[in-house]
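Asker: Please see the structure below; I have some questions.
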Amino acid sequence: MAQRKTNGSKLFMMVLYMVAACSAIPISDLLDRASQRSDTLHSLSTTLTQDLDSHFPPMGRVITPRPSMCHTSSLHTPIDKEQALQVSEADLLSLVRSLLQAWRDPLVILSTSANTLPHPAQNSISTKVQELLEHTKSLGDGLDILSGKFGPAAQSISSLPYRGGNDISQDRISRLTNFHFLMSCFRRDSHKIDSFLKVLRCRAAKLQPEMC
């Protein structure tokens, strides 16, 4: 299964590199493939959050930081589809790329921490986080290439540094709580990434707004 996913990521990148050399494939088709990958990201992050919820200490719910504490919260993004439709395609792609870039380091930390997470489903969680890491990198690299077709605005990336350090804590409750919080933040952002890419796909296909 892992080998198949890795091969899929390599194929996704190979197609985009080919398109960078020759514009043989319509942008709408490339965005369709990107939105399929973002859908996988969001589904996987949702499953991971549910796995963590199944064994989350009551105290953890009390001390979990608010969503506004997520390191990407400072990025101003559309709150719904109607707002997203008002944003230019280049700016929307820039938002997606900024969110993906912001999660490269935190996902590495989550992947490392998952290896020793005090949770009954630790092995499954560790495998899924590694898949998230690979999918996120593949999608980000692909959109980096695709951004060249949308102009300078799409190539701009907002800096959203993660300042949580390289360790999510030592004691059991804090470790589970911090891991859960980071995963919840990623799930929220993966929903934005998926939604924005679907809007971009819709607009590239020149569908009516009500069809998006």
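Sequential numbering from 1, following the chain as shown.
Every residue, even glycine, has its Cβ placed from backbone N, Cα and C.
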Asker: Disulfide-wise, see what Swiss-Prot says Cys212 is paired with, picking from Cys185, Cys202.
Answerer: Cys202
Asker: Candidates are Cys22, Cys70. Which one does Swiss-Prot pair with Cys185 through a disulfide bond?
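Answerer: Out of the candidates Cys22, Cys70, the one Swiss-Prot links to Cys185 is Cys70.
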Asker: In whole Å, how far is Cys212 (disulfide bond) from Cys70 (disulfide bond) when you measure between their Cα atoms?
Answerer: 28
Asker: For the disulfide-bonded residues Cys70, Cys185, Cys202, Cys212, which one has the sparsest Cβ surroundings, going by other Cβ atoms within 10 Å?
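Answerer: Sparsest of the disulfide-bonded residues Cys70, Cys185, Cys202, Cys212 by Cβ contacts within 10 Å: Cys212.
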